[in-house]
Amino acid sequence: MRVIRNAALADGRRVDVRLDGGRIDAVGDDLDGELLVDANGKRLLPGMIDVHVHFRQPGASQKETWTTGSQSAAAGGVTTVVDQPNTNPPTVTGAAFDEKDELASESLVDYGVNGGVTENWEPDSLFERPLFALGEVFLADSTGNMGIDAALFAAAVERAADEDVPVTVHAEDADLFSEDARERSDADAWSAYRTPEAEEAAVERAVAVAEGSGAQVHIAHTSTPEGVDAARAGGATCEVTPHHLFLSRDDLPDLGTFGRMNPPLRSEERREAVFERLQSGAVDVVATDHAPHTREEKDAGIWDAPSGVPGVETALPLLLNAAREGELSYERVRDVTAANPARIFDLPRKGRIEAGRDADLVLVDPENVQEIRGDDLHSKCGWTPFEGFAGVFPEWTMVRGEFAYREGKFGSARGENVRRQRS
Ligand SMILES: NC(=O)N[C@@H](CC(=O)O)C(=O)O
Ligand SMILES: [Zn+2]
Ligand SMILES: [Zn+2]
């Protein structure tokens, strides 16, 4: 068996980690076995489980493909991704699920495929498939125009509860968007338009529907302290994105339409309040909402540019840099990127460095800080909203015991659908 020696875990323990094929066999001192890597005291973390990406296939491979998206994931320390249903065709039938699941087999990292809800969905065939979750269910239109009304949402949540499948929700309520902002044409107009109140009201509606049906609800990309607090108060879990943690409306003069996404960037005050909830443990998960669009597509007026920013490769590096600067503990980073998503979405093989779990691992040198540059990243879109930010990138990323990424090169192993893996 192969051994990674002298690794520092998130809690500071110095250990050896022994691998039996793709699984962790033991974690301890002076373990016997063949030397695989001497970590020399560098940090070993469980690979990030990013429960919210848009890899764009089928239908928009000019923006991203399963190959480029998963390379970007692997280079950023992400070992499992979960793809969202707003592709073309949308993933709302069993046949559409099968088409995407086939394309996803090109992925370098493990993956889940979500099913979505529209007026034309086919729940009977969809729920026959191994869905990761139902979602993101759109309470307002976003990329793909999959917004649904209250009655269909309630019916979909009811069905998911019967099927014992968790529901993830894009919580914005279009009735509370500010029509006044429509007069403006600057980049900040998008933030003025899609108000914080629209998020809070939609989270409250989602958790009320969930309480009535007994469904497990997870709120996607909460962008305000009010949204996080409403999710928690209603017994739901929530995720926040790196862009809502590290960017605010103050960045829009620089970002222009490249800073347009749903929900939008918020005030600096709200950003800080969301970051405090990450520090305190009120935020369950960091997920990227990796939503690449080409430069040409983004380079349009604020009312015409598509919404969304890439992020799968920079999330863990930004969080590790925050840890290096003392703003977050390594344990919090581990919990929100790996342990919590594994627990919330029932992935018993993933998310922790302990005997019996998959060897989904990331090695980082916490002092090796790099400047984030769009040109160095692997997403097909070729740009990042975090240009010039400091990031701590992985030396290597391993999926089930095989290197998916190592010092600039990608491995040849392929990912598996996590809902088909046996525990
Ligand atoms: N977040 C975004 O602004 N865009 C996402 C869709 C979404 O998650 O709402 C996309 O697919 O482009
Ligand atoms: Zn969304
Ligand atoms: Zn999304």
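Using N, Cα and C of the backbone, Cβ positions are placed for all residues, glycine too.
Any TrEMBL annotation is an automated prediction that lacks curation.
Annotated active site per TrEMBL: D289, in sequence order. Annotation comment: TrEMBL describes H52, H54, E136, D289 as Zn(2+) 1 binding site. Under the heading substrate binding site, TrEMBL lists H54, F55, R56, N86, H293. According to TrEMBL, the Zn(2+) 2 binding site annotation covers E136, H170, H221. What TrEMBL records for 44-368 is domain 'Amidohydrolase-related'.
Listed in chain order, the extra residues whose Cβ falls within 8 Å of the Cβ center of the substrate site residues H54, F55, R56, N86, H293 are V53, A60, K63, E64, Q84, T87, T143, H290, A291, P292, G308. Cα-Cα distances to D289 (active site) place H52 within 10 Å, out of the binding-site residues H52, R56, N86. The 6 Å Cβ screen around ligand 1 retains N86, H170, D289 from the recorded positions H52, F55, R56, N86, H170, D289, ordered by sequence position. Here is what falls inside 10 Å of the CA of N86 (substrate binding site) among the binding-site residues H52, H54, E136, H170, H221: H54, E136. Cα separation, H52 (Zn(2+) 1 binding site) to H221 (Zn(2+) 2 binding site), rounded: 9 Å. A C-beta separation below 8 Å, combined with a sequence spacing of at least six in one chain, links R56 (substrate binding site) to K63, E64, T65, G69, T87, P292.
Residues E136, H170, H221 make up the record's Zn(2+) 2 site, and a Cβ search at 8 Å around their centroid adds H52, Q84, G135, F138, S142, T168, V169, A171, I219, A220, N262, D289 from the same chain. Close to ligand 2, meaning a Cβ under 6 Å from one of its atoms, are these of the binding-site residues H54, F55, N86, H170: H170.
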